[in-house]
Structures are given as structure tokens and as C-alpha cells.
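What TrEMBL records for 34-341 is domain 'Tryptophan synthase beta chain-like PALP'. Per TrEMBL, N6-(pyridoxal phosphate)lysine is recorded for K71. According to TrEMBL, the active site, nucleophile annotation covers S98.
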Amino acid sequence: MASSLGFDFLTKKPYSPPSWASHLHPLPSHVFSLAHLPTPIHRWNLPNLPPNTELWIKRDDLSGMQLSGNKVRKLEFLMADAVAQGADSVITIGGIQSNHCRATAVAAKYLNLHCFLILRTSDLLVHQDPGLTGNLLVERLAGAHLQLISKQEYAKIGSVTLTNVLKEKLIKEGMKPYVIPVGGSNSLGTWGYIEAVREIEQQIQRGTDNVKFDDIVVACGSGGTVAGLSLGSSLSTLKARVHAFSVCDDPDYFHNFTQGLLDGLKAGVSSRDIVDIQNAKGLGYAMNTSEELNFVKEVAAATGVVLDPVYSGKAAYAMMKDMHENPKKWEGRRILFIHTGGLLGLYDKVDQLASFVGNWQRMDVNESVPRQDGIGKMF
């Protein structure tokens, strides 16, 4: 929710949906102000765009610091529901560098709730301390309780059963846990990006350029962001075509999963009619080729925008590849790319990135430059 001036960060407010979404059901009753909104939209001059193609970027990576990225928009609704249900703790689940789990850990502490995270890691690492790299540092500083699960167990048992097992255990211990699914992607979490569409609409109306976007491009990792954006865009005045680039599973899986979210809101639309989903998984979820990481470096060096390696980096890489292979599809179009955050995930890639950065040397100070004791006392 775009906040007015004053002290409404971390306050709970009654929610009223955009008029074009008021037929959806169920409607959320409340929302917590957790994100710094609206996030900026600006021109993004990536090199090598097709002729007359105009690229803009919405910076949902700037929705906060510890609590940032696209997950915060979903958590505004999910946390309001947790508090309304009298929960004293939240449980969620994801990969070892899950941005969603980190955001949930911070949001939980803002609202004085305990946080339990089930984190998926390799079979080799499941019995040892996971360390403090990237998202893990913030989660552990915020006092989240980490439960490690191997990829193999995760594949056999599934996220729903795993969170339920932990929920039953906590209930037996006298707690009142609230379960948030992978990526916060359920029908309630979808409202985060229905609301983001209203925000984009308002930004366009307030802008002087009278910009009309033909396309919206976004990464797809759990489905909720794509469901909200595509439903919102089709219902509102935006009417931009949504192109999602999936970074795990496959497009068919996400079309079906998104359909389930839409049906959960009684939207009465087919996901295949409102969103195109293309595969951008590459080597696999959270695994990068050197080309993808070099692309992230090149984009940062050219534009100052730092993409993350797991989501937006792969989506932008796949978008540019598609523009190169199918320029006619994108020529003359005005595109809005949604940066969904995840900067902390880059810390997990430093070893792979090291070879691309270079650019350092010992500063050469000539012997003749005057030296005087006591000048540079900073130590």
C-alpha cells in the first residue's frame, strides 16, 4: 500500500481493493505497511535493444533493505492475516539462499513473532552449520530458527507436508504457528502484485510523459508475482502483455500453478490467456553459467542496476536473448521490467564472479610527493 506521510510504517490498515478487482473473492480485510512504496520507475538503457524498443524498469529491489524485493508486497497481506489469526509464530520454506525466507524472518521480528524457516540444501551440507553468507546472515541475526532439509527429502516429501510437520510439532509445544507457502505464493499473497498494478497505474497517471507500456517482463520463481501482475494488468487500464521467465520447474508447471491461484480468487480467467511463460532456468534453480554472471556484471557496469543471479538476472538475460533471436517481436515496443530484488543472493556467487571484475591496482604515489607526520590520522 502506498503510504501517506506520517508514521504508518509497520501499521495495520483496513484494505480496500482497486475498483477493477473488487469482484475477486475472497477480498483481504487488512494489510500491514511493510514496504517502502511506491518503488521508482525509470528508463533503463540496456545496450543492444532492438530498434525503437524502449525499456523501463520498476525497482522493487528498492522496497526496503533487510525487508526488500517482491516478497514484501505479498508479506503485507500474509502477515496481516497471521496477526488477525492470533499467531505467535510463522513458518515458511525455501532454498538455502531464499530471499522470501529472509524477508519473512525480518517481517516476523518487526511484528514480534517467532520465525521458523525450513531451508533446502545439498545432501552433503544438511548436517553442518549453514554459515552466514548472504540471506543467511540477516536471518540468523534476526533470530530465525533454521531447520535444514536435503534436496532429496524435499523432492520426496514436498513443501506442504514439510511445513505441516513442523506446524504440528509447534502446536504440540503450545505455539500458534501460521504457515506461509513457498515464496508467499498463495491466493492471498497474489494481492501483493494486484496492488502493485494499481501503484503502476497511479505512477503513469501522475507522470508527465503519458507512458503506455506494451509489455511487462518479470522473473517467475514461485508464481504469485506473475499471477498478481498478469491478472492486475488484464483487469486494470494497464493492459500490458505479461512475459514471465521461469527460473525453476517449467512453463507448464507455472501455467497450472498460476491457474490455481487465479481460481482461488474466483478470477474466471485462463492463465494462458493473460501471461506468456518462457523457460530461463539454465543450469537449474540458483545455478549460474558464467555467461549469466558476466551479463549481471555488464548490466551493472553499463547502467548501475545490480541484478540478482537467481531471478531478475536470469530473466533479463533471457529477455535480451529473446530480443536478439526474435527482434520483430519486441521492435518498437515499450517494456516495463520488474526488478524483484535479491541482492544478497549475489554474495553466494562471489567465487564465480571474481574472474569478471578485475579493475584494481596498487596506487602509484611518486617519491617526490611531500610526506609529513600526523597528516592522515584516521587510524
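From the backbone N, Cα and C atoms, a Cβ is placed for every residue, glycine too.
Unlike curated records, TrEMBL annotations are generated automatically.
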Packing count at K71 (N6-(pyridoxal phosphate)lysine) (other Cβ atoms within 10 Å of its Cβ): 37
Number of Cβ atoms other than its own within 10 Å, given for the residue listed as 'active site, nucleophile': 30
Model confidence over the domain 'Tryptophan synthase beta chain-like PALP' (34-341) (mean pLDDT, whole number): 97
Pairwise CA distance, the residue listed as 'N6-(pyridoxal phosphate)lysine' versus S98 (active site, nucleophile), rounded so that it is a whole Å: 10
